[in-house]
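Chemist: Okay, these came from Swiss-Prot:
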COMPBIAS  1-21  compositional bias 'Polar residues'
COMPBIAS  374-392  compositional bias 'Polar residues'
REGION    1-26  region 'Disordered'
REGION    368-399  region 'Disordered'
TOPO_DOM  55-72  topological domain 'Extracellular'
TOPO_DOM  94-111  topological domain 'Cytoplasmic'
TOPO_DOM  133-140  topological domain 'Extracellular'
TOPO_DOM  162-186  topological domain 'Cytoplasmic'
TOPO_DOM  208-216  topological domain 'Extracellular'
TOPO_DOM  238-280  topological domain 'Cytoplasmic'
TOPO_DOM  302-322  topological domain 'Extracellular'
TOPO_DOM  344-424  topological domain 'Cytoplasmic'
TOPO_DOM  446-452  topological domain 'Extracellular'
TOPO_DOM  474-494  topological domain 'Cytoplasmic'
TOPO_DOM  516-521  topological domain 'Extracellular'
TOPO_DOM  543-553  topological domain 'Cytoplasmic'
TRANSMEM  34-54  transmembrane segment
TRANSMEM  73-93  transmembrane segment
TRANSMEM  112-132  transmembrane segment
TRANSMEM  141-161  transmembrane segment
TRANSMEM  187-207  transmembrane segment
TRANSMEM  217-237  transmembrane segment
TRANSMEM  281-301  transmembrane segment
TRANSMEM  323-343  transmembrane segment
TRANSMEM  425-445  transmembrane segment
TRANSMEM  453-473  transmembrane segment
TRANSMEM  495-515  transmembrane segment
TRANSMEM  522-542  transmembrane segment
Amino acid sequence: MSVDENQLENGQLLSSENEASSPFKESIPSRSSLYLIALTVSLLGVQLTWSVELGYGTPYLFSLGLRKEWTSIIWIAGPLTGILIQPIAGILSDRVNSRIGRRRPFMLCASLLGTFSLFLMGWAPDICLFIFSNEVLMKRVTIVLATISIYLLDVAVNVVMASTRSLIVDSVRSDQQHEANSWAGRMIGVGNVLGYLLGYLPLYRIFSFLNFTQLQVFCVLASISLVLTVTITTIFVSERRFPPVEHEKSVAGEIFEFFTTMRQSITALPFTLKRICFVQFFAYFGWFPFLFYITTYVGILYLRHAPKGHEEDWDMATRQGSFALLLFAIISLAANTALPLLLEDTEDDEEDESSDASNNEYNIQERNDLGNIRTGTNTPRLGNLSETTSFRSENEPSRRRLLPSSRSIMTTISSKVQIKGLTLPILWLSSHVLFGVCMLSTIFLQTSWQAQAMVAICGLSWACTLWIPYSLFSSEIGKLGLRESSGKMIGVHNVFISAPQVLSTIIATIVFIQSEGSHRDIADNSIAWVLRIGGISAFLAAYQCRHLLPINF
């Protein structure tokens with residue numbers, strides 16, 4: 001359904017009574033920490049798997065003889081699959097009502113696809129060497145197979161990631177969404193630490209009896225972790241059963257409508273969700289080049305000052321980059337554990353402050369048609385929605401609050417270390433500023449250890465990126481009563497994460513082509529300039545984030 005002007009002007013209020021009467025509105029029990037760990041542990045496997053691509057992808061492609069501008073084009077696989085695959089997976093899983101649930105079948109299939117793609121990535125040169133005798137043809141086919149493996153791996157990662165995020169929204173109460181997403185951030189942090197630690201260790205020596213290369217051992221370990229963690233989530237987490245609905249459109253029709261009415265879907269988002277998406281757009285424009293090129297950047301600085309005889313030692317340079325990412329992951333994991341405890345718990349002040357919110361410019365009356373988010377004709381009427389959206393909502397648990405009061409130990413610790421006035425939006429804004437400063441600092445960096453220190457500091461910002469936007473977004477979905485369409489809603493959110501990465505890739509390609517025109521030395525400064533452009537985008541994300549600040553900030 002498209003958004004029409006009359007519908008926007010004559011919307012009806014989605015009241016708490018309507019939400020309560022919805023057949024999708026059912027009681028969700030309070031979830032224990034063990035349940036949340038089982039729910040989010042699949043993200044650990046996903047991140048460890050993705051660390052293969054992040055830590056070794058670019059150096060691996062360089063080792064195959066690929067030039068930088070071509071590697072940037074290949075890395076467009078990630079955002080493209082994010083734009084296409086996550087919404088499709090969300091729409092399909094929203095419609096599934098199988099015995100084992102809506103999300104878990106997709107997670108299991110994607111984990112098997114990820115295992116196959118890792119095998120293809122690690123053994124592509126060996127496969128081509130076995131089949132082809134012509135060296136030139138062998139190299140070309142190896143590059144093709146490596147590219148296919150990267151695309152398949154991105155599809156698998158996106159499906160598991162989207163399904164897990166939707167499962168969090170489906171299975172956890174609104175007042176526990178922050179805690180659940182904090183656990184998700186921790187799992188991603190642990191996956192990062194393990195992944196980059198494995199990338200730094202000489203795996204080919206540790207597992208010398210296998211006679212595998214470093215990348216091949218890494219791919220085997222990543223495959224095991226992906227299948228194991230997804231299996232744990234599938235076994236120990238039960239999904240909610242939603243009432244069956246009669247869909248007025250086919251699956252293909254709904255997918256086609258999603259992409260053709262993307263603009264209307266974005267326009268129909270409530271104020272807070274829309275602002276979160278805008279922040280994510282500029283944030284990921286900056287993060288994408290960092291994640292894919294920082295290993296190479298650190299390696300370049302290492303080679304510039306490498307000991308005599310090691311000037312072309314790209315294996316050691318890659319390990320130096322992996323060590324930087326290991327520090328990055330450790331700081332990120334520590335921050336994901338500590339930062340939530342520093343947030344101010346404003347529940348006691350919520351009622352007093354909410355009365356002032358109605359007079360604030362960010363307390364906005366919106367009339368949105370959410371028909372394009374419905375799952376079928378029997379879905380509770382969500383079209384013609386008029387809602388009063390305030391970042392502080394009366395009679396709702398604080399969306400900045402992380403831990404339920406039942407977690408007495410953690411609440412006690414948090415009460416001792418809380419920073420007055422520190423809320424999720426303020427912390428998120430600060431993280432963008434910090435990341436932007438770090439990227440611009442590449443102007444002054446000269447050695448690999450300086451770059452490693454800078455990368456480690458960025459772990460603070462990455463911790464916030466993995467946790468805060470998802471906490472705000474999923475909590476808002478729950479409060480709006482849109483859980484039955486959470487897969488599609490998260491698909492819209494992911495478009496704002498993936499689209500800027502495509503744009504960032506195009507800009508990086510232009511920068512690389514210009515640098516190749518002047519000289520073909522791989523150790524030029526073009527990657528540093530791509531990182532600096534990302535830093536400028538981080539400041540734009542901070543500017544957009546101001547709309548989410550507390551009303552008295």
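Glycine is treated like the rest: Cβ placed from N, Cα and C.
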Chemist: Pairs of Cβ atoms less than 8 Å apart decide it: which stretch in 34-54, 112-132, 495-515, 522-542 has the most with the transmembrane segment (281-301)?
Modeler: 522-542
Chemist: Within this structure, do the transmembrane segment (522-542) and the transmembrane segment (425-445) have 3 or more Cβ pairs under 8 angstroms, counting pairs 6 or more apart in sequence?
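Modeler: Counting Cβ pairs under 8 Å, at least 3, so yes.
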Chemist: Treating G and I as helix alongside H, and B as strand alongside E, what does DSSP give for the topological domain 'Extracellular' (208-216) in helix, strand and coil?
Modeler: 6 helix, 0 strand, 3 coil
Chemist: Between the stretches 34-54, 187-207, 495-515, which one has more Cβ pairs under 8 Å with the transmembrane segment (522-542) than any other?
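Modeler: Ranked by Cβ pairs under 8 Å, first place goes to 495-515.
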Chemist: According to DSSP, how is the topological domain 'Cytoplasmic' (162-186) divided among helix, strand and coil residues?
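Modeler: Summed over the topological domain 'Cytoplasmic' (162-186), the classes give 23 helix, 0 strand, 2 coil.
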Chemist: With pairs restricted to those 6 or more apart in sequence, evaluate whether the transmembrane segment (187-207) and the transmembrane segment (323-343) have 3+ C-beta pairs under 8 Å.
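Modeler: Counting Cβ pairs under 8 Å (6 or more apart in sequence), the transmembrane segment (187-207) reaches the transmembrane segment (323-343), since there are 3 or more.
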Chemist: Using a threshold of three or more Cβ pairs below 8 Å, and leaving out pairs closer than 6 in sequence, do the transmembrane segment (34-54) and the transmembrane segment (217-237) count as in contact?
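Modeler: Answer yes: the transmembrane segment (217-237) meets the transmembrane segment (34-54) with 3 or more Cβ pairs below 8 Å.
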Chemist: Using a Cβ cut-off of under 8 Å, list the residues of the same chain at least 6 residues beyond the topological domain 'Extracellular' (55-72) that approach it.
Modeler: 121, 125, 139, 142-143, 146, 150, 195-196, 199, 214-215, 218, 292-293, 295-296, 299, 314, 317-318, 321-322, 325, 505, 508-509, 512-513, 515-516, 522, 526-527
